[in-house]
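Student: Okay, handing you the structure first.
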Amino acid sequence: MFLCCWLALVAFVPATSSINPGVKVKLTGKGLEYGRQLGMLSIGQKLKTIKVPDVSGKKRVSPIGKVRYSLSNMQIVNVALPKSAVELVPGTGIKLSIGNAFISLRGNWRVKYLRIIKDSGSFDLNVNGVSITTSIAMRSDETGRPVVSSVNCAASVSSANVKFHGGASWLYNLFRSFASKAIRSEMQKQLCPLVADAVNDLNPQLKTLNVVAKVDKYAEIEYSMVASPTVSKSSIDLSLKGEFYNIGKHQEPPFSPTVFALPPQTTNMLYIGVSAFTTNSAGFVYNKAGALSLYITDDMIPQGSPIRLNTRTFGALIPQIAKRFPGLMMKMLVKTVKDPAVTYQANNVTVQATGTVTAYAIQPNATLSPLFVLNLDTSVSARVFVSGVRIAGAVSLNKMGLTLGTSYVGDFKVGILDSILQMVLKVVVIPRLNVQLAKGYPLPSLGKMKLVNTELQVLKDYMLIGTDVQFAG
Ligand SMILES: *[C@@H]1O[C@H](CO)[C@@H](O)[C@H](O)[C@H]1NC(C)=O
Ligand SMILES: *[C@@H]1O[C@H](CO)[C@@H](O)[C@H](O)[C@H]1NC(C)=O
């Protein structure tokens, strides 16, 4: 039977930090159930390592006198764990109960009596009704990774039956009860430490949480826990920092995470909420690092396009260019001047980016002569998706607005450049950006975790990834 109604209060580290998480992770009952299955395999393996020391003793039996007996070479042959359950205990931790477990072992017996008479054989021992209950406490270690431990473990063994092979039955009866009792208590002593070992074995796995996930040469994402996990009736919730940083130079952006709550869905094992803060911290890092700039040259424009990056094309629209810089190739620098801002609305991810476009004529001696600077306001729509254990995206142009910043070629109406700039964004800038976005950004993950049945939803202020997980091997 399950040892029910047994409940341990596990003290959690209180949330000392006031940092709001950028990423939230929720492990549901379904996730916990998968964890139980993996955990039981591990506990089963551990219980097979029970070592029962030899048992020996002597007993005076009339009329033959003193009989010495020993049980040795005891080996576990089978462990069956038919019943187990995990349960979330709100505010405290996870309760694991194993009931009706069965352990069988085999060994050798030996007796000696009347000084010279020896007898020996083998025996089978079945230990029934093994019950173990323990609480699994979870906290955050100094690196921001979760650590689990088994606390308040209790184990009991209800009975042990021995079956002897060989020898005379009157002999067995001498030590049958003594032997079962000794073995039973020896086993009982070892159950909790072995379960604690199995729980501790999870920690090397948990240590693989990518608290600092490298993205590329500019950025890394920090996924350390900003508070201890919280346990409710239906889930374990982790609060992770979820912030992009410039590699080697951790500078905080001028904005901070806003509070967001994951919806009460529990159909998947795991839910990961990635807030607008996380994406915006990426915009801050890449913009600061100067990574959001691109020189555009004529060779980047498709061969078939009638629009070329030269003073002939532009000179047709702005005669000053044709006049002052005849027959030259051109170059354009497109770069952001502000951190791009991402907005999440239901089923809609929009990025606003503000930048400049500087056009140059390339002199025969390679000197760049500036022609004009335009201010560029763009709005792009993003499609986001999960690829492997990464989140990736692709953007398309929504809207573009141009105003004149500076002109070195006299006054002109900016509107005449609209279609050229649209083309440049659509065929040069955005495809290159999409190559980067398709590479994806690592999600928080453990070891060889694989995501299956994954769905991504865009909600107000965050993206929600609902997924099941699989651990290889
Ligand atoms: C997404 O939202 C933006 C800004 O709120 C809006 O301009 C755009 O039309 C929306 N896109 C879709 C597909 O609803
Ligand atoms: C390059 O050529 C331009 C135009 O002829 C001239 O104004 C500039 O001084 C030259 N620069 C150098 C470094 O020779």
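Keep in mind that glycine also has a Cβ here, set from the backbone N, Cα and C atoms.
TrEMBL: automatically predicted annotations, no manual curation.
Pulled these features from TrEMBL for this protein:
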type     : residues      : note
DISULFID : Cys153-Cys192 : disulfide bond
DOMAIN   : 26-249        : domain 'Lipid-binding serum glycoprotein N-terminal'
DOMAIN   : 264-467       : domain 'Lipid-binding serum glycoprotein C-terminal'
SIGNAL   : 1-18          : signal peptide
Student: Tell me which residues of the chain lie with their Cβ under 8 angstroms from that of Cys153 (disulfide bond), as long as they are six or more apart in sequence?
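Tutor: Result: Ile132, Thr133, Thr134, Ser135, Leu191, Cys192, Val195, Ala196.
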Student: Around the Cβ of Cys192 (disulfide bond), how many other Cβ atoms lie within 10 Å? Please give the count over every shown protein chain.
Tutor: 17
Student: Across the domain 'Lipid-binding serum glycoprotein C-terminal' (264-467), what does the mean pLDDT come to, as a whole number?
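Tutor: Taking every residue in the domain 'Lipid-binding serum glycoprotein C-terminal' (264-467) and averaging pLDDT yields 95.
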